[in-house]
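Working notes, beginning with the structure itself.
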Amino acid sequence: MAYPALSEKPDTVPASATTPPVVALDHITRTFGPTTANDDVSLAVPPGAVIGLIGANGAGKSTLMRVLCGVTEPDSGTLTLGGTPVAFPDWSPTEARRRGIRIVFQELSLCVNLTVAENFYLEDPSAAAGTPWGSPLWRGRYRKLARAGIDAVFPDSGIDVDARLSDLALGQRQMVEIARAARDPNLRLLILDEPTSSLDAGRAAQLQDFVRRSTAKGIAFIFISHKLREVLEIASRVVVMRNGRVTREGGADAFTVHALVELMGGEAGRTAATSSQTEAGREILRITGPVTAPLGHDITLHAGDIVGFAGLEGSGQRTQLHRIRLDNPDAGFVSGDRQREGVFPQWTVLSNISIGALSRRPLASIVSTEAETETGRHWAERLRLDPGRLSSNVLHLSGGNQQKALVARALARQSDILLLDDPTRGVDVASKHDFYRVVRQTAEAGAVVVWYSTEDIELLECTRVLVFHKGAIVRELVGAEISEESIVDTAFLHEKTGHEKTSATPTPAAPAAPPRSPHRAADRLTSVIPLISLAAVCAALATLNPASASLFGIDLLLSSAVPLVLIALAQMFVVGGSQIDLGIGAFAGLVNVVGATVLTDQPALGVVLLAAGIGGYAIIGALIERRRIPAIVVTLGASFIWLGCGYTLQSAPGGMAPDWLMAAVAWQIPGLPTSLLLILAAGVCGLLVDRSRLGVVLRGFGNNAAALSQGGWSALRHTMLRYVIAGVFAMMAGLALTAITTASDINAGSGFTLLSIAAVVIGGCHLLGGTISAPGVVAGAVTLSLIGSLLSFLGVSTDYNAAVQGLLLVAILGLRTLLERRESAE
Amino acid sequence: MTAVPNTHRSTGQSSFLHWVETRRWIWSLIGIAVLWLVLGALTSRLSLQSMSGVVSSAAFLLFPALGQMIVVTTGRGNIDLSIPSVITLTAFLSVNIIDGSNALLPVGILAVTAVGLAVGAVNAALVLWLRIPAMIATLATGYVLATGTLLANRSFSTYQVSPALAWFATGRVAGVPVIVLAALAATLLCAFVLRRTVFGRALSAVGQNQRAAELAGLPAARIVAIAFLTSGAAAGLTGALLAARAGGAFLDMGSPFLLQSVGAVVLGGTLIFGGSATALGTLFGSVLLVLIVTTMQIAGLPGGTQEIIQGGVIIAVLALAGAAGKPGRR
């Protein structure tokens, strides 16, 4: 194989001897189990350089970048920052960030439930310093900051900094992500991983301009992209990686796109699997429909075929694989994502294997230990897995052996279809070869193997390779046509010329960019439901009983809604963290009792008790976060503690509210119903907390906790704060109960638990966390409270209240699911 | 070798610790022994007789707890909060339908089972089809049932108990309460199903990793549905038995079973995250929980304190068991 001669002329931005590189990695080796992801890699980034880092899938680029950013610690090697060595144990994402090294990941690290400006706040809260708590001043600053940050990279982007990320198109989100990292005043090195994958040509050009302007200021870039032409345009230096090593490095003008493709593919590997390519067996599978449109014909797969799915990652290979699985439920399936889609972590290796055979039997049949052991032993031997390990826990095996167990599980299904989803991820070479052998044997025994791999070299094991591009199969390689070059070539040339090609094809079956906003209509409906239902209930009440529309009527009807509004707001903050508090009603009941007994007799002690209750909520938050126990069970247990405390203080309803507390709700502004004002005040409090800086962080945690933790926010502290806020609102609810009823009953609060959840749901909050709305929750709580009155006006027994509340809750949640399902099906 | 749950880090552990780790019910058994001694010291009447009262109370808790255990084992935070409402409702129904006659007993038993299964089916549909989190779905069905109970409470009142059912709930065979024998049989059956049938394996697989279970070809949705159906039916039968023991039905009859069914499961060593269930543990957990309550009553603790301690014990056990057995996030 002839490589293009390397140019001898210096890089466009020479690293002079006087200016040390921004960052240098030397002799980095990192293995994952038996796989060597980085093998003695060195990389120096001079100030103002743009390094184009390229390589085929699985070449080790991502590992190298994770080492550089402090996410992954290497086994050996050194790191030098501006000429000074840094020890890897001290190197962390936070430290990298502090030293001006930033990365824009391919997977977005934004909170999509927050606005653009709020995401800029999470990135760097320091600019909010000095604005008083609760004032919206900080928002103005971050609006300006976000606008300036985006304009600096993408002028005239048209991105509204007050828009929620979920309402932006994917390309716009990517722009925000880039701009957010790029605005760091401390920036020394910015790593862009596939930054233009969702950007159009114009925006990509703006990014190139920005990169050029920044390099003039000495900022360095690492640019990772599959768009090779773009890499050659922007980079001053190109580094080519393959199989965990740097295979070629040089000035960008020394390379051409074709030369790069060749370098990434390297020398021709072994020729395609020669053995099994004989006459076609019986037809087992047929791939048809829009996915084969660019080919113009269906693809039939026969017994004995090993079919590789190739192409750039995320081109629709995995979707097609799962489509085949759903159409053939008996097929064996092996995923390379062992932790999430493979192992049963509590089980032995044997149980992990035998479940494959058991799953084809009726649920009521009896498991025979002997037969099970026999099955396990048989398949373990086929895969050269030590039968002595069958009784160990599966997690005690190496990655390669775990994967063998999972392959054994799939083979134990004895189906004539074997589906492989990147099965050799992180598997050692020896296991890989055992695995290839088993795949060949399986095919020879009359099965069809469909194999999606992110490592192009593996596809040489196949008898047939289908190359995917943008969700469709663009090329079918058979037998001798299969080589690493032909695969890389097809995938990358399509990427290069993608636009012309797809527009030339008659009907490109492009499941192209995801829809602009996934749950648009459902969202809109969700936000108006509380208002519509409130209006409907009010109208019905006024019609049935005109007196209820009077000042006194409104005041009376709404007075019972005040505690519910407060409890619902408390529940709202818990739901914002995708948890539920089953003890919130009982806690309000306890506060109700304390308020009418101890607080009246010994005010100081009463205050201490209430503070202890809030402390209890902080402990609940800490337990949930630290011990990772489900919130429902903890809060269910806590509800009995609250109830028990209440009974101990006061065994039968009674007590007397303190005068000051009654006075707090007994005032009157002429012409305005007091309880309406109280409800509005509660709503404003909820809104203020939610809109505050803390509220933004809490919502961020509800949406993308991992990104926030990596950004340096403490999950423990914020879970505790979340529960303290909930506790304070529930406490206000309990005091309101005391003030309004002027007495106490420990059971008074219990009924509020379900109602609070219902109010939160009606109010448009998402139970999965992150999306909450104080006005919606207030409207939902008032509606629920008024429904009780409405039912009594209608002459319906109060016995039906609980049923109506329960049905309403289920109906709204169910409706929302159905709507979302319909939309995602479209 | 069976699907005995295995520890993650046994390599450096002594075999004794490993043995305990794979048999988490041991802790509840130790708890029972300790409390029994305390109880004996308090009353100075340490007898099998005093124990048999505790054990037969525990038997009534065991049935719904086994149902709860199966639901919890399906993982993903699944839990059945409709159990207390089902118990109260079926207690009323059984009293009303059977009306003290042995002849109507089969009809009554069929009816309560059907109600339990129907509630389980609704719960399963809400969770699987409408994708409502189990705790909210079952809480909501519980509320709807509560209305049903209120109506049932108004429409009739009879205090007749079928003699056959009364014998089953309170009678004795060779000095052993019949209900205790039934509880032992149920535990054995449940243990057999969990350890020796494909369903037991599939249940554990779904609870450990639902995605992996689906990819391995297991009918995950069907298994979750069966779990809710079982729990509903168990609660339905418990309602009839409780009514037979109490000689009638009353509102709030099922309320203690909300926390106690979860408590017995957790104390027994079943993982709250799913994937690992132990029927024997749930039996011991039920006995332990009833023993705790009895000890508190004998010690003369007021009702409020008893509830505080029950809640505290469950949170403490969870916090101690904590992250064990569950890799990754909630």
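Each Cβ is built from the backbone N, Cα and C atoms, and glycine gets one as well.
Sequence-distant contacts of the transmembrane segment (B:25-42), counting only residues of its own chain at least 6 positions beyond either end whose CB sits under 8 Å from a CB of the stretch, comprise 50-51, 267-269, 278, 280-281, 284-285, 287-288, 291-292, 294-295, 298-299. What TrEMBL records for B:25-42 (among others) is transmembrane segment.
Look at TrEMBL and you will find B:54-72 (among others) tagged as transmembrane segment.
The transmembrane segment annotation in TrEMBL covers B:79-98 (among others). Outside the transmembrane segment (B:79-98) by six or more residues, the chain places 64, 67-68, 71-72, 104-105, 107-109, 111-112, 115-116, 119, 123, 134-135, 138-139, 141-143, 145-146, 148-149, 152-153, 156, 158-162, 165, 228, 231-232, 235-240, 242-244, 246, 248-249, 251-258, 261-262 with a CB less than 8 A from a CB of the stretch.
Same-chain residues lying 6 or more positions outside the transmembrane segment (B:104-129) and placing a CB less than 8 Å from one of its CB atoms are 78, 80, 82, 86, 89-90, 93-94, 97-98, 137-138, 140-141, 145, 162, 164-165, 221, 224-225, 227-237, 239-240. According to TrEMBL, the transmembrane segment annotation covers B:104-129 (among others).
The feature transmembrane segment is assigned by TrEMBL to B:136-153 (among others).
Among the features that TrEMBL reports, transmembrane segment is placed at B:173-194 (among others). Long-range neighbours of the transmembrane segment (B:173-194) within the same chain, counting only residues 6 or more positions beyond its ends whose Cβ lies under 8 Å from a Cβ of the stretch, are 52, 55-56, 58-60, 62-63, 66, 69-70, 167, 200, 203-204, 241, 245, 277-280, 282-283.
The transmembrane segment feature in TrEMBL is assigned to B:215-237 (among others).
The transmembrane segment annotation in TrEMBL covers B:257-275 (among others).
Listed by sequence, the residues of this chain that lie at least six past the ends of the transmembrane segment (B:282-302) yet keep a Cβ under 8 A from its Cβ atoms are 25, 28-29, 31-32, 35-36, 38-39, 42-43, 53-55, 57-59, 61-62, 65-66, 69, 183-184, 187, 190, 260, 263-270, 309-310, 313. The feature transmembrane segment is assigned by TrEMBL to B:282-302 (among others).
Look at TrEMBL and you will find B:308-325 (among others) tagged as transmembrane segment.
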Check your understanding: Is it the case that the transmembrane segment (B:257-275) and the transmembrane segment (B:54-72) have 3 or more CB pairs under 8 Å, with pairs at least 6 apart in sequence?
Key -> yes
